[in-house]
Amino acid sequence: MPRTLDGQITMEKTPSYFVTREAPARISAMSKDTKLIVVVRDPVTRAISDYTQTLSKRPDIPTFESLTFKNRTTGLIDTSWSAIQIGIYAKHLEHWLRHFPIGQMLFVSGERLISDPAGELGRVQDFLGLKRIITDKHFYFNKTKGFPCLKKAEGSSKPHCLGKTKGRTHPEIDREVVRLLREFYRPFNLKFYQMTGQDFGWDG
């Protein structure tokens, strides 16, 4: 990481940190004071989205349904499949809490980031000790993508939307498979809500 002067914040992001077992110890060894921001979304939607992204690169992969189960007859979920495994947030958070207090972590709702980007980014600004500069007036909703976009990107007069890889249409998934996945994730979600003190509303 580059040197950070007083009055500066250095940020770095990668989706894989939260689920990489070695990451918490490494980050703690670098700086115990690091503030951590984790964006989470409904693990069922996340798994389908993960599959959709892989499908766009490798159209010959098996169906979502066949990858979800170790045994379809018994309904045994294959937790070794990364698309499923990543959404067991409580399990990943346990590793982080061995190295960081919960107060140094902010959990951002992926759903609220879409429905109320300014509100969710207000929480991020508060967490980082920044003035609330980003407000509703900085966003407009792009109906085609189904996401909010920035009206004007930094240093540009053009609006900025998430790239082509975001907002893809998900394939139709068997309702029974979705129901079984919701059942599978429910206890992990409830544990995650307890650990974070936040109800993300994925089980309503």
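Glycine is treated like the rest: Cβ placed from N, Cα and C.
Automatic prediction, not curation, is the source of TrEMBL annotations.
Here the structure is a predicted model, which means the values were calculated and not measured.
Quick look at what TrEMBL lists:
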- 27-186: domain 'Sulfotransferase' (DOMAIN)
- Arg41, Ser49, Lys166, Gly167, Arg168, Thr169, His170: 3'-phosphoadenylyl sulfate binding site (BINDING)
- Cys149-Cys161: disulfide bond (DISULFID)
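With a cut-off of 8 Å between CB atoms and residues at least 6 apart in sequence, the same chain places Phe139, Tyr140, Phe141, Asn142, Pro159, His160, Cys161, Leu162 near Cys149 (disulfide bond), listed in sequence order. Of all the Cβ atoms in the protein chains shown, 17 others lie within 10 Å of the Cβ of Cys161 (disulfide bond). Averaged across the domain 'Sulfotransferase' (27-186), the predicted model reaches a pLDDT of 90.
The Cβ of Arg41 (3'-phosphoadenylyl sulfate binding site) lies under 8 Å from the Cβ of Ser49, Ser109, Gly110, Glu111, each of which sits 6+ residues away along the same chain. Comparing local CB density within 10 A for the binding-site residues Ser49, Thr169, the maximum falls on Ser49. Long-range Cβ contacts of His170 (3'-phosphoadenylyl sulfate binding site) within its own chain (separation 6+, distance under 8 Å): Ile48, Ser49, Thr52.
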